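Working notes, beginning with the structure itself.
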């Protein structure tokens, strides 16, 4: 340790860039106890900061890597637009309102309305099912379960998030389909007068099945994020509610839920983003149709992403262009949804940090 | 309205750790009782066991009996939420609900109890805020967030919130330790005023405060870290601060210990 | 002026009314049994469904019965508390059910073709009537694509995180951080389309006599796009956990910042970073859509990720699931089992590593 103090007295974090290229500590004139390096500069000028050093190079490299994210997002937009334009120009129908999807014909005619409708409908079903369940689990993990139970259950939920979507798709098609078909038949028999559950079948490979599979897939995201915000509720506010004579549920309603609301909204939006963009699970569970129907239980349904996966292989150049155009729409929608969700989270974080 | 509290041989545990050892004391109605003692001596634990708030922590349990007007609040058929409504609590750091306005904070307890009528809530809000000496300062901005008030105002808002549900007893856990001297004085004035209606028990680190506000004082202490806290002496404040009967109390009061 | 001039009815508690009756456990059980019995009677009696419907109806009846009975005995507030608790517990059971079903099906159906042939052969020249055929080519594809994707995403991701933690100040760093988060939400199919337009249509013709060519490398690029934000986020989090004094100690010795980062900060955070990378790899290995678009899929074995199409385990599952052959579902489930095993081993290992990490909060 003998020769360190004299250097550490002079060097501070701020000086680092200045000394980096010449080796450390070389120029700090007075270093009497340093026997290895002869003092340079003879007590005179400090070494100049050089313009090109490893330090600047490393800094530039990491900055470029950080910027890469922005480059990729811009590049996605640019390349999708570039390849979608020719197909959109060749389109004889109206891209936004047309129901049909015939981009491979000699006179291509296609519109995104039907598939966009399917995407939205399946996502709504998924959220309707997943959000209450996810919030319940999050509350259970944060406020009900003893730690011995909360840790393994949280782990299981994380594992649920790790299962690939193609496996859920396969499971939905081979396993979940038959109970859903039974349920659909039942709904159709007793509630067939409601348009949602009408129709003459066949049932099963429906938007309901797709929505349920999606629900299972977005569940872990919403759960883990909501759990986090619920756990952040200040303990003293929970105690305040309890001291007023609140039951556990009343405490949650008074202190936990209002505090976590923005975070929960953001979590739901992230779940929505995932549901909107999910491809393979829907491609495997829906029986692709191009129409707008509110019937939830009859075979049918479609989504932007599933349509791309299904139709890509057989599409010609215009067909692929059309699919790319629909992908561009999907990209834009998910980008907006995600940006909104993240903006909420960021604002909340700032608010919390300022309050603390 | 205010009630007599009787603790006999109250011992409190967190899991296998014994936090306080057989504390017995009687608190008369419409008095202010101060609990003093060094950190970790169990005075807060004792305070929290009076309205069963210590049960919030897992593994917490209690031995002995705690009665309010001869009703043991630890009887198995007693509703813990009812106990907490009867015995209100004000905490160390002001903790108004951050998502609620001043008005909503003041009537939060009533709303929990299912009071929905606007006229009742309005009246209760004004009364409790007036009782907490806060009305004149906030009457023009009742719809603003409670978290926007100053620390002292927030603490008075918390007191208003506590007394709005018309408890019998008000427990205060170092209510002024996070406040400046002027706010502290305001809270102390308020305590004198509330004494007419409530039984007040206050935990404080500030011995001058205990001497200023309380009728009776209990001194808690521990032998060493890990030992349970004990009630060393409990007597009129006057006597504790002028002529304590225990050597330990005297040492603590005169600053030779803790 | 007194708060107590007038008592608000139903609010004030006195020592005389603090006692309440509690719902006996027996009653709770009786309600549950009755609810499921009635549900079974209705569903099976009218023959309108199977056990799933019985369970759903039973749970609903139980919750309704519980809130009504508890409301009578314990009062409205306690009953509401009890009902919400029951609802929350029910939801937890509900969420674990599909996971159990998935795992059960994976094991029972997946073991059918879990043999040497499956792991040793491809789908080349396998017709609809052939019972054999395997996923060897797909496993190669998955390993190569994920490996290449990791090689691309990890350096950029780690350096990006270093920028955010060590160098990034001001508005630009804030923007980068925001879009890293946003990018985690980019759908995998969009990443696939991007690489298809950019690499397959745009760049690959240069190396292939002007004809666009799908390849494993293209798929790897798409996977890297999906991995990048995950790697940046987890690395950033880990770097932030490295205590400041550790850096300052190094600075104080006159070590330049880049060397401090590489020699002190990164090694300290390494276990956490590796955990994050493993989770990102696990996610990438399960992606189907990007491989479908960028690598195209191929039934034969192709070791070269830079030339010609490739398959992957996930894509294999998808393609076999859509195949009409009666032997295809078995192959799909075995491949799914293999894929899940791979992903779960990675995930569990990553979590265990994270648990041993000294820096974790």
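Note: Cβ is positioned from N, Cα and C throughout, glycine not excepted.
TrEMBL entries are annotated by machine, without manual review.
Feature annotation from TrEMBL assigns domain 'ABC transmembrane type-1' to A:116-341.
Annotation source TrEMBL lists region 'Disordered' at A:1-45.
Annotation comment: TrEMBL describes A:58-82 (among others) as transmembrane segment.
Listed by sequence, the residues of this chain that lie at least six past the ends of the transmembrane segment (A:110-141) yet keep a Cβ under 8 A from its Cβ atoms are 91, 93-103, 150, 153-154, 157, 207-208, 210-212, 214-219, 222-224, 226-227, 230, 252, 256, 264, 267-268, 271-272, 275-276, 282, 286, 289-292, 294, 296, 301-307, 322, 325-326, 329-330. According to TrEMBL, the feature transmembrane segment maps to A:110-141 (among others).
If you look up TrEMBL, you'll see A:153-171 (among others) marked as transmembrane segment.
Summarising the annotation, TrEMBL assigns transmembrane segment to A:203-222 (among others). Residues of the same chain lying 6 or more positions beyond the ends of the transmembrane segment (A:203-222) and with a Cβ under 8 Å from any Cβ of it are 118, 121-127, 129-131, 133-135, 137-138, 157-158, 160-161, 165, 168-169, 171-173, 176-178, 180-181, 184-185, 188, 267-268, 270-272, 274-275, 278, 281-282, 285-287, 295-301, 303.
Per TrEMBL, the feature transmembrane segment maps to A:263-286 (among others). Sequence-remote contacts of a segment are chain residues at least 6 beyond its ends whose Cβ falls under 8 Å from one of its Cβ atoms, and for the transmembrane segment (A:263-286) they are 118-120, 122-123, 126-127, 130-131, 134-135, 165-166, 168-170, 172-173, 177, 205-207, 209-210, 213-214, 217-219, 221-222, 225-226, 228-229, 232, 257, 300-306, 308-310, 330, 333-334, 337-338, 340-342, 344-345, 348.
Positions annotated as transmembrane segment by TrEMBL: A:322-345 (among others).
Remote same-chain residues near the transmembrane segment (A:58-82) are listed as 324-325, 327-328, 331, 335 (criterion: CB distance under 8 Å, separation of at least six residues from the stretch ends).
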